[in-house]
Amino acid sequence: MNQDQLKQMVGEAARDEVLKLPAGQVLGVGTGSTANYFIDALALHKGHFAGTVSSSNATTERLLKHGFKVLDPNDVQGLPAYVDGADEIDPAGHMIKGGGGVLTGEKIIASMAKQFICICDSSKQVPVLGNFALPVEIIPLSQGVVSRELEKFGGRVTLRLAKHTRADLNQTPSEPFVTDNGGWILDVAGLRIASPAQMEAQINQIAGVITVGLFAKEKANILLVSNAAGVERIQF
């Protein structure tokens with residue numbers, strides 16, 4: 001079974017999970033290839049929800065294509081659930097997210113939800129976070145300041161270029177990748193994140209940081225994880 005089949009399988013499992021929610025509510029929807037499979041699987045059941053709140057421009061485009069109603073987060077009081085993938089997830093449900101560059105939108109929508117339903121394949125499960133480079137979204141003016149502060153954590157800091165992300169965004173490959181918010185992203189490699197909540201708080205206090213791709217405060221409540229044997233449901 002290949003990676004796409006695993007993503008499709010867990011996307012369909014997430015569809016079944018959210019259809020257990022009472023009808024007429026607003027659903028939070030994440031970003032990325034696994035989230036896309038979830039959106040596609042849910043399309044035939046969009047009438048179950050009063051609308052959706054999207055974590056990125058790309059997700060909004062896909063939801064609208066399928067006929068979902070997409071609401072402004074500022075007009076929504078709260079969400080019963082937020083469904084999204086992860087770049088890494090540890091045994092406690094802490095995650096690294098932001099490989100696709102939309103960590104700030106994802107964290108905002110996740111904070112609105114009563115539960116975070118994480119969907120991924122088993123390759124994303126790790127004993128300790130840090131094998132995947134940790135994304136940090138910053139104000140461009142602060143690149144030097146934030147880079148020096150991040151180096152104190154012991155990792156290698158690099159500025160993400162447009163060529164290292166999605167080609168469909170039509171950004172100049174040799175220029176810094178620009179987020180939906182106009183920010184840049186610093187990727188911190190070589191970390192071993194034994195205390196995700198502590199590191200999340202410390203990095204978020206650095207002047208110039210918009211947010212860090214550690215989801216410890218907004219950790220997963222439910223994990224749907226696919227492997228060759230099927231989909232396992234883990235509650236944290």
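A Cβ is built for glycine as well, from the same backbone N, Cα and C atoms used for every other residue.
What you see is a predicted model, and the numbers here were worked out from it, not measured in a lab.
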*What does Swiss-Prot list, out of Lys65, Lys69, Lys124, Lys152, as binding the same substrate as Thr31, Gly32, Ser33, Thr34, Asp84, Gly85, Ala86, Asp87, Lys97, Gly98, Gly99, Gly100?*
Lys124
*Could you tally the C-beta atoms, other than its own, that fall within 10 angstroms of the C-beta of Lys97 (substrate binding site)?*
29
*Provide the number of Cβ atoms within 10 Å of the Cβ of Lys124 (substrate binding site), excluding the reference atom itself.*
19
*For the substrate site made of Thr31, Gly32, Ser33, Thr34, Asp84, Gly85, Ala86, Asp87, Lys97, Gly98, Gly99, Gly100, Lys124, how many Å separate the two farthest Cα atoms?*
16
_For Asp84 (substrate binding site): DSSP state (helix, strand, coil)_ = strand
*Least buried by Cβ count (within 10 Å) of the binding-site residues Thr31, Ser33*: Ser33
*asked:* What whole-number Å value do you get for the CA-CA distance of Ser33 (substrate binding site) and Glu106 (active site, proton acceptor)?
replied: 14
